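Per TrEMBL, these features apply:
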type     : residues  : note
DOMAIN   : B:129-428 : domain 'NADH:quinone oxidoreductase/Mrp antiporter transmembrane'
TRANSMEM : B:12-33   : transmembrane segment
TRANSMEM : B:45-69   : transmembrane segment
TRANSMEM : B:81-102  : transmembrane segment
TRANSMEM : B:164-188 : transmembrane segment
TRANSMEM : B:208-227 : transmembrane segment
TRANSMEM : B:248-270 : transmembrane segment
TRANSMEM : B:282-301 : transmembrane segment
TRANSMEM : B:308-329 : transmembrane segment
TRANSMEM : B:335-356 : transmembrane segment
TRANSMEM : B:377-397 : transmembrane segment
TRANSMEM : B:417-440 : transmembrane segment
TRANSMEM : B:461-482 : transmembrane segment
Amino acid sequence: MSLIHSLHVSFVVFLLGLVGIYLNRKNIILVLMSIELMLLGINLNLLSFSVSLDDLLGQIFALFILTVAAAESAIGLAILVIYFRLRGTIDIEFIRLMKG
Amino acid sequence: MFYLFESDFLGLIPETFLLLGLSTLLGYGVWYEKGRESEMTSHQLWVGGLCLAFTFILLCESPLMNMILCFNTLIIDGMSAYLKALILLSTLCIFGLSFSYLQQERIKAFEYVILLLLATLSLMLMVSSYDFISLYLAIEFQSLGLYVLAALKRDNEYSTEAGLKYFVLGAFSSGFYLFGASLIYGLTGTTNFEDLGILFTGVGPTDLFTQGSVVVGLLFLSVAFLFKISAAPFHMWSPDVYEGAPTVITAFFSVAPKLALFGVLIRVFYLGFFDFLFSWQQIFFFCSLASMVFGSFGALAQVKIKRLLAFSSIGHVGYMLIGLATGSLQGLQGIFLYLLIYLVMTINAFSVVLSLRTHEGEPRFLLDLKNLNLKSPILALTFSLTLFSMAGIPPLAGFLSKFYLFFAALDASLYSLAILGVLSSVISCFYYISIIKLMYFHKAEEVQLKPLVGIDGQKGFLLGITFFGILFIFLYPSPFFLLSHAAALSIS
């Protein structure tokens with residue numbers, strides 16, 4: 001398997017995450033999942049570059065991204081919980097209290 | 001024997017001090033004074049302010065002017081010192097605004113001070129980061145703090161919604177940043193800005209492969225940063241977040257992260273990728289045009305105060321991007337000068353907005369400003385001169401900064417940007433002046449005027465000092481020119 005093959009996979013995963021954020025009209029949990037998918041694609045990207053360059057830096061970067069992504073989704077879920085407590089819904093259609 | 005990080009901590013003394021100070025405050029908040037939260041926030045604000053002031057002194061008195069720290073991941077130079085000083089000052093101003101606000105809104109959370117201090121620390125690290133990895137960590141550090149701050153009023157629907165929107169778009173733009181950084185890492189095998197700069201020396205338009213593939217990475221990087229500074233095609237989140245977040249937090253959002261992000265933009269694009277100037281210049285050219293146009297036309301349609309200020313800040317970001325697009329020393333100096341004056345004007349505008357509070361609550365609509373002249377003539381005068389300064393009317397500070405940037409654009413032959421900048425500041429004059437009309441010339445109706453709550457000492461001090469700056473920077477600008485010039489020189 002060459003670099004290009006694994007890059008195809010990671011690009012597709014990244015783009016799926018990206019498109020998921022835009023096309024999703026259901027609820028915010030899906031947005032959070034799409035964000036995680038984006039970060040996963042980036043991690044795969046970094047790891048395959050790191051292997052093909054024979055350089056450790058990419059793997060270190062990927063480890064950092066993993067930990068930070070965990071912290072980020074924790075905060076995102078916390079905000080989601082207080083939002084749900086107030087509004088009783090996490091539907092994207094209803095997140096337009098302010099215009100825009 | 002090899003000592004790890006032997007002298008690096010000497011360069012990081014201000015940051016270390018801030019970190020230790022805020023940890024102490026956190027301990028104080030957790031263990032002490034349980035049940036007396038409202039007094040405690042005031043104490044914490046005072047101590048936090050003191051902590052910031054000492055950090056500022058440590059920063060200004062630091063003997064280390066140029067240094068690369070921690071295995072090439074952080075750097076100290078003139079620009080980082082200048083921007084860090086501005087960031088500390090802006091947080092200090094936000095603390096000054098918070099005293100009465102926290103009491104009036106009954107926000108009894110000591111986390112407020114600690115989160116603000118953490119955000120300040122992360123912004124300082126962001127300004128001095130010198131590597132894609134450390135920059136990513138600093139950006140996420142900042143974002144995680146700011147998401148929570150935006151959703152600080154847990155029982156308010158607007159605030160939580162603002163937090164949620166800010167979170168989704170912040171995570172989205174971080175994804176873009178990481179993707180761009182991973183592409184550049186894959187192409188070059190390095191993440192250090194200086195190494196990138198050295199590697200790309202002389203890679204001109206002749207080497208089409210490198211050119212093309214690096215530009216894709218640069219595009220992702222610049223989109224991420226433009227998202228974060230809310231420049232025009234990527235600005236749609238900012239009015240919502242600014243409106244929903246508590247007002248002091250809005251003031252913080254519209255000043256401090258922008259200071260740091262402009263530092264980061266300059267560091268990445270002027271140090272790392274300067275040889276691709278003609279590629280990224282077009283991106284910033286377009287975004288600057290779009291921000292100026294959207295900023296001024298979007299503000300015309302607004303009826304709420306904070307949304308109007310958000311659009312006004314989008315316009316200001318557009319002017320600052322002119323300086324970035326020039327690719328010259330003069331443009332950088334223009335940005336640094338603009339950032340300073342923008343800080344002064346924004347703090348002044350937000351202190352006026354916070355002083356407009358009546359006993360019924362915070363003003364939300366522009367119509368609440370009507371007949372301000374009768375309620376408080378001095379406040380009306382201050383606000384109208386600030387608005388004139390934001391519009392760039394000559395004898396005030398805002399004119400100086402715009403003038404300098406437009407001349408930098410003319411020198412770099414970006415004539416269309418300069419002309420459009422002047423035109424859009426004419427359009428922005430329209431809505432600024434319409435506010436002044438509301439304050440002064442609105443027909444007094446029969447309804448009795450609701451009295452204002454009154455201004456506390458800290459806010460009064462801030463109003464006075466920023467107003468002084470707006471009036472008199474134009475008369476004696478040379479210290480500010482020198483400071484911004486020193487900051488710009490360290491980049492070239």
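Yeah, the Cβs are placed from backbone N, Cα and C, and that goes for glycine too.
Between the transmembrane segment (B:417-440) and the transmembrane segment (B:461-482), fewer than three CB pairs separated by 6 or more residues in sequence fall under 8 Å, so the two stretches do not touch. Highest Cβ pair count under 8 Å relative to the transmembrane segment (B:45-69), across stretches B:12-33, B:164-188, B:208-227, B:461-482: B:12-33. A Cβ distance under 8 Å defines the sequence-distant neighbours of the transmembrane segment (B:208-227), meaning residues of its chain 6+ beyond its ends; these are 169, 172-177, 179-181, 183-184, 187, 200, 233-234, 237, 261, 264-265, 268-269, 273, 276, 279-280, 283-284, 287. Below 8 angstroms of C-beta separation, residues 218-219, 222, 226, 231-233, 235, 239, 308, 311-319, 321-322, 324-325, 414, 416-417, 420-421, 424-425, 427-428, 430-431 of the same chain, each at least six residues beyond the ends of the transmembrane segment (B:282-301), sit close to that stretch.
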